[in-house]
Amino acid sequence: MARYIIKRFIYMLITLFVIASLTFFLMKLIPGTPFSTAGKLSPEQLQIMKENYGLDQPVAVQYAQYIVGLLKGDLGISFQFNNVPVTQLLLERIQPSLVLGFQAIFFGTIIGIVLGVISALKQNTWIDYSSTFIAVLGKSIPNFVFAGVMQYYIGVKLGWLPVLFWKGWDYTIMPTIALAMFPIAITARFMRTEMIDVLGSDYITLAKAKGASSFEVAFKHGLRNALIPVITVLGPLTVSLMTGSLVIEQIFAIPGIGEQFVKAITVNDYSVIMGTTLLFSFMFVVIILIVDILYGVIDPRIRLSGGKK
Amino acid sequence: MAKEDMKISKDKFAPAILDASLGEAIGKPSLNFWQDSWLRIRKNKAALVSIIVMLLVIILAFVGPLISGHGTNEQDLKRTNLPAKIPVLESVSWLPFDGTMVRNDGTVVDVYEQKNIDEYFWFGTDSLGRDLFTRVAKGIQISLYIAFLAALLDMLIGVTYGAIAGYFGGRLDSMMQRVIEVISGIPNLVVVILMILVFKPGIMSITIALAITGWTTMARVVRAQVLKLKEQEYVLASRTLGNSHSKIIFKHLLPNLAGVIIINTMFTIPNAIFFEAFLSFIGLGLSSPLASLGTLIDDGFKTLRLYPHLMIFPAVFISIIMVCFNMIADGIRDALDPKMRD
């Protein structure tokens, strides 16, 4: 187990290093300068600007400085916001994104699990079909379409919930629903298959034969075993949340990291793009690692080994 | 109680013919893999309906621009922001196809009358007077084009990589596996955005970006299957007869992998469509005057309160396409995957 974790940890570091280098060199390839007034500047002024930000040095030196800075947790300085450090910029904006992400994944998986269990218990009834239908819609309809439609009908037409901004709990409801659709769909479908699988196994028959009530069979014996594999979908779900946060935060004007990222792309703010990319990758890699380790800890049937298969 | 009521007459029973040679007779024509799969897909009503709907959408995408009588970029400022109006359906009161629009103060206006236009614009027009129907049809074409291109590239790279890694094995395989492990550790969103920032936004860069990130799953699946299949006797026989490695891979192994490859490709397609729309929506995808469903939704979103039809139509079509492809992919998986058989 320890060997496995160490091995995975080393892989994580390699992946992060590759991402950091890739991001750096790709950023260097982008045409255009980060200075919005570049056209109006004289060559001397441009030179001074570049020196200011260390852009006049050879790429190798810039790269070395960048990597050293990263190790210290320094992500560089934003070009667009009066020289604010990127780390500080991200820290200021991480709270709404995290709240939204946690709410979406929390409510999403719980609703998904409930839907999946119900449709597995009531297989091939209208309940099962409608829950499958919800799952297909949730998986298929792009979240920005869903967010836009919801914003128009619930926010504007009915006026039930605030349409924009981030000022209180009721402001989080619509974005959370829009983000949670995908987790609901994925967990519901996954849970249904797992639950049907488990309900057909011998120990369930045994529990029934011993006279356990159907509630007890479903929840005490069935659900516990069906839940384990659901952990594996948490990885893909995090990815979907990150993708989703970009558009959802933009649509609902939420001051989070996603919105910041989209803005940075449009104004060529290299260091913010790089910083956010690294933050996303870091969260992704760490969550995948945690999920894999958790899976091994919870399910004794999975044996983790560092050796070759 | 049923036992007492039922009287079965004796003539319904006859002794069975005990002929050993007939015991092995095959009563029905034997089916090959594809016939069998087709039978299974036909039984899956959702998949069948999706295939039909998808065909209709494809026909609409290619015939639409021809019958609408308008070009994709034909602007006319005299007919801007018209709501949808379709002949026949305009008289059905609950459908939004009568060419009227509800103002924010609640009054209903017939915009066509107001602007003195006799023509019918099926889905209305946008802020530059371009026919939305033509643009949506064109957008579907582009979305489908990107999806199929991405699926094709995914297939080419993923299958080749996976087949080589699995077939040759050993140190080469473990090296190639490490590469996959690192690549799949990078969130594909990040790669796609970086690629598009570096290359000029456009159909090609979106496709390349999708291809770079999409192939790892395919490669993994193909590798696992090849590892299993290469131990089979027919591979040994082929090698004994002196066939080259590439011939064994492409002639003997790949046809046996067709099912897995098709299933994986089918799941790439809705993914690619979503990513294109997503990128266009955040402003990294295609740009005007090209119309993909993503850019149309993005444009429509800006005027959602005033002219909801500009977003609703492309949004409905992208949803239909996504639902259909997901259902078809599910159906094909159920039909082709031997593990899923009931």
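Cβ coordinates come from backbone N, Cα and C, glycine included.
TrEMBL: automatically predicted annotations, no manual curation.
Among the features that TrEMBL reports, domain 'ABC transmembrane type-1' is placed at A:94-295.
Taken from TrEMBL, the feature transmembrane segment covers A:9-30 (among others).
Proximity of distant same-chain residues to the transmembrane segment (A:98-121), defined by a Cβ-Cβ separation under 8 Å and at least 6 residues beyond the stretch ends, is recorded for 127-128, 131-132, 134-135, 172, 175-176, 179-192, 194-196, 199, 218, 222-223, 226-227, 230, 234, 237-238, 241, 244-245, 248-249, 254, 256. The transmembrane segment feature in TrEMBL is assigned to A:98-121 (among others).
Per TrEMBL, the feature transmembrane segment maps to A:133-153 (among others).
Here the transmembrane segment (A:173-191) has Cβ contacts under 8 Å with residues 100-101, 103-105, 107-109, 111-113, 115-117, 119-120, 131-132, 134-139, 141, 143, 146-147, 150-151, 154-155, 161-162, 226, 229-230, 233, 236-237, 240-241, 244-245, 248-249, 251-252, 254 of the same chain, all six or more residues outside its ends. The transmembrane segment annotation in TrEMBL covers A:173-191 (among others).
Feature annotation from TrEMBL assigns transmembrane segment to A:226-252 (among others).
According to TrEMBL, the transmembrane segment annotation covers A:272-298 (among others).
With a threshold of 8 Å between CB atoms, the same-chain residues lying at least 6 positions outside the transmembrane segment (A:133-153) that come near it are 115, 163, 174-175, 177-179, 181-182, 184-186, 188-189, 244, 247-248, 251-252.
The list of residues near the transmembrane segment (A:272-298) in space but at least 6 beyond its ends in sequence, with Cβ under 8 angstroms from a Cβ of it, reads 1, 4-5, 8-9, 12, 15-16, 19-20, 23-24, 27, 70, 75-76, 78-80, 86-87, 89-90, 228, 231-232, 234-235, 238-239, 242, 257, 260-261, 264-265, 304. Sequence-remote contacts of a segment are chain residues at least 6 beyond its ends whose Cβ falls under 8 Å from one of its Cβ atoms, and for the transmembrane segment (A:9-30) they are 59, 62-63, 66-67, 70, 268, 270, 273-274, 277-278, 281-282, 285-286, 289.
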